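**Q** Please read through the structure below; I'll follow up with questions.
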């Protein structure tokens, strides 16, 4: 997605050969025009898949997920990372290790919002090692929901997340695929157009 690549090039900050900071438009401050376009793109990619729900993880996945939900006209459910006074029973849970925070947490979704009749699109802001994605897939599996695929805003293709999800049989659609963050520079994967 050209608009997203331009945003990454112009406003993304390479902190190391593993970490890209995008808090100017995605992780802290949110660019609503960009999020709208991201939602439209995910809707276009998954419009024939019978999506009934979108699931994501708090908090950076929420904006792109809501925009995709709006475009597809389906509800969005986000997995919580922290305990909530109102989210206490009938929980679907998974353990997830955060690459950027270097901490393991338990994510949870109420089973009243996800079930066996659902066909879900899983959306997240980043795909690195695939831990959050695998955790969300595990929650969908517990609910006996079908996973249509993963919509990833930014994929770090030099890390094993995509390969792990593909080996598990999942479809992965990433709007920006980063090949490298070496020498403080973002290098994108060259996509072959068919």
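Including glycine, each Cβ sits where the backbone N, Cα and C put it.
The shown structure was predicted, so the numbers you read here are calculated from the model rather than taken from an experiment.
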**Q** Of 10, 27, which one shares the xanthine site with 20, 156 in Swiss-Prot?
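**A** Xanthine site check in Swiss-Prot: besides 20, 156, the record includes 27 out of 10, 27.
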**Q** Pop the Cα-Cα gap between residue 20 (xanthine binding site) and residue 132 (5-phospho-alpha-D-ribose 1-diphosphate binding site) into the table, whole Å please.
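**A** Rounded to a whole number, the Cα-Cα distance is 17 Å.
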**Q** By a simple count, how many Cβ atoms lie within 10 Å of the Cβ of residue 130 (5-phospho-alpha-D-ribose 1-diphosphate binding site), its own Cβ left out?
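**A** For residue 130 (5-phospho-alpha-D-ribose 1-diphosphate binding site), the count of other Cβ atoms within 10 Å is 25.
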**Q** CA-CA, which of the binding-site residues 128, 129, 131 lies nearest residue 156 (xanthine binding site)?
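**A** Checking each of 128, 129, 131 against residue 156 (xanthine binding site), the shortest Cα distance is to 128.
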**Q** Count the Cβ atoms, other than its own, that fall within 10 Å of the Cβ of residue 20 (xanthine binding site), considering every protein chain shown.
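**A** The answer is 21 other Cβ atoms.
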**Q** Measuring CA to CA, name the entry from the binding-site residues 128, 129, 130, 131 that ends up nearest residue 27 (xanthine binding site).
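**A** For residue 27 (xanthine binding site), the spatially nearest of the binding-site residues is 128.
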